[in-house]
Amino acid sequence: MALKVAVQMDHISTVNITGDTTFALSLEAQKRGHELFHYTPDWLSMRDGVVSARVEKMEVRDVKGDHYTLGEPVRRDLTEMDVILLRQDPPFDMNYITTTHLLERIHPKTLVVNDPTWVRNSPEKIFVTEFPDLMPETLITKDPQEVMDFRREFGDIILKPLYGNGGAGVFHLADGDRNLTSLLEMFGQLFREPFIAQRYLKDVRAGDKRIILIDGEPVGALNRVPSETDARSNMHVGGRPEQSKLTPREREICARIGPSLKERGFILVGIDVIGDYMTEINVTSPTGIREIERFDGTNIAALFWDAVEARR
């Protein structure tokens, strides 16, 4: 059955189709005969209890520089849609959170993927702390003294914003580095929220693995190797993707978290693993499926739509 699918995303014109997961999901939906509509979070509204968006009919093509066509914008009641993909990139701020409040008014009559209530209640750097034995030692605080004590205990640490994304604002403080006090002052000025200190994992030099799960089951992975001059492995900041298989430890991690993902209705999830430790559970806008398909041919977008269609 053909579905009406609205994609809530950053504007399609800004997408780098080579590595964009939202674009891959849209291509697969179109291939299956589903009708695509596009809108950005700024076009989402609620009036007298009716949730609507100014949507444009969308066609996509896997052609760099000519990857989309949009129709005329029309305001539509979103309950007329069968599926909405919640796919704008973080930051996970009040603007993002407000969209989840609006979309939960129409879910599950209109299936919103991922479930907006659980997206709001599962920030990736906090959700992961439900599995402390799978993580490196981690501190969430805004108390500078707590961070300094943590640093004395572990030496090498990572300091990063609680709601950042794409590697922005992530710092590696090696044992003996004298910049901690200045960084804490800067974080206190830039962020109202607490931030994260985490024991530095030397295994990151061999890569930070992104594992994709569909309905709580692992379906593919890629390794992201940091450059020689950077502590971060995110592809947004120059991390090099390479083909990877799951290790027994990574399968153990997936088996542990899978039931919680299913319970919360998370269809598409990306987790980050360094060595033997999970560092994040990404439920907002996980990426990596285009790279995985290029490496080993796994069409994760098809597995995603199989799971979505089974719910309609």
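Cβ coordinates are placed from backbone N, Cα and C, and glycine is handled just like the others.
Annotated features, as they stand in Swiss-Prot:
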| type | residues | note |
| --- | --- | --- |
| BINDING | 151-207 | ATP binding site |
| BINDING | Glu280, Asn282 | Mg(2+) binding site |
| DOMAIN | 125-309 | domain 'ATP-grasp' |
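Straight-line distance linking the Cα atoms of Gly207 (ATP binding site) and Asn282 (Mg(2+) binding site), rounded to a whole number, equals 18 Å.
Taking Cβ-Cβ distances under 8 Å and a sequence separation of 6 or more, the neighbours of Asn282 (Mg(2+) binding site) in its chain are Glu124, Val269, Gly270, Ile271, Asp272. On the backbone, the CA of Glu280 (Mg(2+) binding site) and the CA of Gly167 (ATP binding site) stand 12 Å apart. In sequence order, Pro161, Leu162 constitute the residues six or more apart from Phe191 (ATP binding site) in its chain with CB-CB distances below 8 Å. For the recorded site, Phe191 (ATP binding site), the DSSP three-state label reads coil. Within the same chain, residues at least 6 positions away in sequence whose Cβ sits under 8 Å from that of Arg199 (ATP binding site) are Pro136, Glu137, Thr138, Phe154, Asp156, Ile157, Ile158. Summarised as a single figure, the pLDDT of the domain 'ATP-grasp' (125-309) averages 93. With the fewest other C-beta atoms within 10 Å around its C-beta, Asp175 stands out among the binding-site residues Asp175, Glu280.
All protein chains shown were included, and the count of other CB atoms within 10 Å of the CB of Gly207 (ATP binding site) stands at 21.
By neighbour count, meaning other C-beta atoms within 10 Å, the densest spot among the binding-site residues Leu159, Leu183 is Leu159.
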